[in-house]
Amino acid sequence: MSLIAITEVKKRFGDNEVLKGISIDVAPGEVVAIIGKSGSGKSTLLRCINGLETIDEGSIVVAGAQFLPDEVHLKALRLKVGMIFQQFNLFPHLTAGGNVMLSQMVVKKTPKKDAEAVARKMLDRVGLAHKFDALPDELSGGQQQRVAIARALAMQPIALLCDEITSALDPELVAEVLAVVKELAAEGMTLVMVTHEMRFARDVCSRVVFMHQGRVHEIGAPEDVFANPRTPELRQFLGVQ
Amino acid sequence: MTYQFDFGWLIESLPVLFKGIRITVQLILIGAVFGVALGIACAWVRALGPKWLKPVVAAYVELIRNTPFLIQLFFIFFGLPSLGIRMSELSAANLAMIVNLGAYSCEIIRAGIQATPRGQFEAGASLAMTPFQAFWYVVLVPALQRIWPALSSQIVIVMLGSAVVSQIAAEDLTFAANFIQSRNFRAFETYTVSTLIYLALAILLRQLLAGLGWMLFPRKASR
């Protein structure tokens, strides 16, 4: 039984069909990396799973929650999948703790005291318990991204979507964020990540999806995909002959 | 120069003057609170609200921003009674200021909302907030922070513009000055005093708004 079932999804922006019938099943606890050139549709696919983009055809079901573009269904879907963005998107007027508490209180109506306890626990989990009262401006990019992860985790999602979460970071800050993700993967969290960190994809992911021109071009275990690319497009993308 | 300055009238006119100050302060406090609230509501409609409501708000904003405040005031005080809507001078003055500030602050606040990075809305949405929750809890405070200086200026402008409510006999500071001057015939002294009072009120109001901003918006702990 797959946790995330993506079936024949098509998505158009005007005349430009960016997803041309994508089908992927993700099992519970799987860590799936989506790789591919920019413009291949990988970020769009990820955003569709969270309902940030609508789809034109096909279906997306996450643990029984079907993606339909109305408020009730969107909320049910988004309670199951958290999302982490390239640009962190922390709320600038709230402290790290406030960022992690807000959606618990607003969406789940969790009492403030309980939300704070969860926030402290989640910040501790990403190694930032001591930054509870810091504003996003006072944190490094890597720390901001870890707060964003804590914020998503506080909603207790059953899967996390990561959209190039290390692409906006200075090289020396990438490791601390990937370490957190690696830990989540080890704890059994289901992850779907668009990434350019090939070594990370190879080491941590259970499956790799190579997207090309709006289609799943190759899919398989990382050792196969990276060691034996079958198509010329993937060989070119990976820079192997 | 043979003019003899005389401020002797000031003592006996103090009660009238103080009443005028009280009314002017009251007008701007009520006007600012409800005007900005109206502005926030209208800005939400124009930037993010339901489609059918947008033209209504747009018409309101354009109507107010392209007509004189005095005419708006006259319309409310002298015009509306023909439709059976009657109110006191003070209520009419309050309403006119709220309606006027509402339209101007709508456009200022809308600019703040539209300058919000899309990622903020998306972050809110990805955490299962409704669009309105994302606006209210995520977008609004940073948007207000962005435009706070412009909004503060607009509130001061409305405070100074409130002088015209004396034209419908709302007993504000300008009404008091006119009243005193018509008794003592000391126009220079009377208007000098009222000018200084307005100046002090405006500076005080700016300080108050700056302080409010300081409380409302987060600051880095130290540096």
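Glycine too: its Cβ is placed from the backbone N, Cα and C atoms.
Listed in TrEMBL:
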type: DOMAIN; residues: B:21-209; note: domain 'ABC transmembrane type-1'
type: TRANSMEM; residues: B:27-47; note: transmembrane segment
type: TRANSMEM; residues: B:67-85; note: transmembrane segment
type: TRANSMEM; residues: B:92-113; note: transmembrane segment
type: TRANSMEM; residues: B:125-144; note: transmembrane segment
type: TRANSMEM; residues: B:156-176; note: transmembrane segment
type: TRANSMEM; residues: B:196-217; note: transmembrane segment
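Within its own chain, the transmembrane segment (B:67-85) has Cβ neighbours under 8 Å at 92-93, 95-96, 99-100, 161, 164-165, 167-168, counting only residues six or more beyond its boundaries.
Within the chain, the transmembrane segment (B:125-144) has long-range Cβ neighbours (under 8 A, six or more residues past its boundaries) at 40, 44, 48, 109, 112-113, 115-116, 151, 216-217. Beyond the transmembrane segment (B:92-113), the same-chain residues lying 6 or more positions past its ends with a Cβ under 8 Å from any Cβ of the stretch are 27-28, 30-32, 34-36, 38-40, 42-44, 46-48, 57, 60-61, 63-65, 69, 72-73, 76-77, 135, 139-140, 142-147, 150-151, 154-155, 158, 161-162, 165, 168, 170, 172.
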